[in-house]
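S.K.: Before I ask anything, let me first share the structure, which is written out below as structure tokens.
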Amino acid sequence: MFFNSLLTNFAALEVGQHLYWQIGNIRLHGQVFLTSWILLGALLVFISLGTKKMENDPKGLQNLLEFLWDYIRDLARTQIGEKVYRDWMPFIGTLFLFVFVSNWGGALIPWRLIKLPSGELGAPTADINTTIALALLVSLSYFYAGLSNKGWRYFEYYVHPTPIMLPFKILEDFTKPLSLSFRLFGNILADELVVGVLVFLVPLILPIPVMFLGLFTSAIQALIFATLAAYYIGEAVEEHH
Amino acid sequence: MLAFNFFGATEGGLFDINATLPLMAIQVVALTYILNSLFFKPVGNVVEKREKFVSNNIIEAKNKLSEVKKLEADLLTRLQSARTEAQRIVSEAENESDKLYKEALELANNEANASKEKARLEIESQTSAARDQLSKQADDLSELIVNRLILEK
């Protein structure tokens with residue numbers, strides 16, 4: 001049957017297959033670490049090259065890095081506020097760069113040409129473990145930011161402006177990491193799947209606009225993730241009167 | 001039929017959560033520290049140093065500009081006072097020359113009047129002298145005529 005054969009063909013995309021690494025009795029998704037090391041290595045090399053010879057009149061790569069730095073600072077400053085944005089700028093910037101590099105690396109590099117014994121290489125952010133790890137780090141960060149800035153007064157936030165808000169604010173603590181992780185995971189995985197299916201069905205021209213859309217989505221998702229993380233931290237350190 | 005094995009039970013699947021999660025979290029935290037020392041701090045130092053330099057220069061330029069404006073205003077007042085001074089000097093000189101002109105005119109008038117008076121007196125004396133002479137000559141002539149007439153008779 002045609003439908004059935006289509007499904008078996010889809011299976012060639014190897015959705016949900018992983019390259020397992022066994023260390024002791026813990027199991028890891030090897031393909032996630034492989035791609036993330038390659039991409040982060042490239043990022044670090046790029047940054048080292050750009051910051052090797054810093055000058056007062058920026059040239060070449062330094063210009064680009066300064067633009068990036070300025071962009072991240074603006075993002076952190078508008079969301080977190082003038083007072084504490086400096087403490088959180090490296091974290092927000094790392095989230096942005098990590099997600100951006102992972103998304104674009106997953107979309108731009110033809111990983112499928114590299115054959116693995118099981119699973120396939122792709123964007124590290126298309127793995128639920130990565131996105132949950134990032135989202136939980138964001139949760140920890142905003143709790144830490146709130147508690148370290150305001151002490152126990154942080155919990156005033158839960159009954160602000162009225163105590164009626166208490167259950168909703170507690171619920172938010174769970175929905176925030178959930179929405180952060182699943183938004184990123186879903187967008188990137190969906191993009192990879194759509195491109196994969198289209199390449200599989202029509203290997204010429206047709207996937208190209210979808211690939212461009214994927215690049216757009218990837219960049220937007222990185223921006224959304226970093227902006228929301230900064231917004232949550234800003235919300236936690238905000239002083240209400 | 002279930003070729004996807006979506007919610008993979010024991011092995012694999014899209015929602016297969018395992019030790020990748022904490023290790024990835026540790027990796028991201030490590031990356032934060034690495035990027036902080038490799039990227040955010042050095043670039044931030046350079047950018048903020050430049051921003052400080054630029055803002056200092058702007059402040060300095062503003063100070064200089066206000067100084068220039070002050071000097072300009074000062075010069076303007078000095079120019080104004082110089083102008084009024086010049087005007088004063090000019091009008092003074094005009095008055096002076098007017099006075100001198102008037103004095104000279106008066107002197108000349110007086111002199112002219114004096115010489116006119118002198119001339120008039122002279123003319124008068126000469127006229128009277130001429131009249132005396134004329135009347136004396138007339139007397140002589142009349143006497144002569146009288147004598148002649150008497151002699152003929």
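Cβ coordinates come from backbone N, Cα and C, glycine included.
According to Swiss-Prot, the protein carries these features:
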TRANSMEM  A:30-50  transmembrane segment
TRANSMEM  A:91-111  transmembrane segment
TRANSMEM  A:128-148  transmembrane segment
TRANSMEM  A:193-213  transmembrane segment
TRANSMEM  A:214-234  transmembrane segment
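What's the neighbourhood like for each of these?
M.R.: Non-local neighbours of the transmembrane segment (A:30-50) in the same chain are 18-21, 60-62, 64-65, 97-98, 101-102, 105-106, 111, 116, 119-124, 127, 129-130; each lies 6+ residues outside the stretch with a CB under 8 Å from one of its CB atoms.
Long-range neighbours of the transmembrane segment (A:91-111) within the same chain, counting only residues 6 or more positions beyond its ends whose Cβ lies under 8 Å from a Cβ of the stretch, are 35-36, 38-40, 42-43, 68-69, 72, 75-76, 79-80, 120-126, 130, 134, 137-138, 141, 184, 188, 191-192, 195, 211, 214-215, 217-219, 221-223, 225-226, 229-230, 233.
Within its own chain, the transmembrane segment (A:128-148) has Cβ neighbours under 8 Å at 29, 32, 36, 84, 87-88, 91, 95, 98-99, 102, 154, 157, 173, 176-178, 180-182, 184-185, 225, 228-229, 232-233, 235-237, counting only residues six or more beyond its boundaries.
Panel annotation: around the transmembrane segment (A:214-234), residues 72, 75-76, 79-81, 88, 91-93, 95-96, 99-100, 103-104, 106-108, 123, 125, 134, 138-139, 141-142, 145, 176, 180, 183-184, 187-188, 191-192, 194-195 of the same chain, lying at least six beyond its termini, place a Cβ under 8 Å from a Cβ of the stretch.
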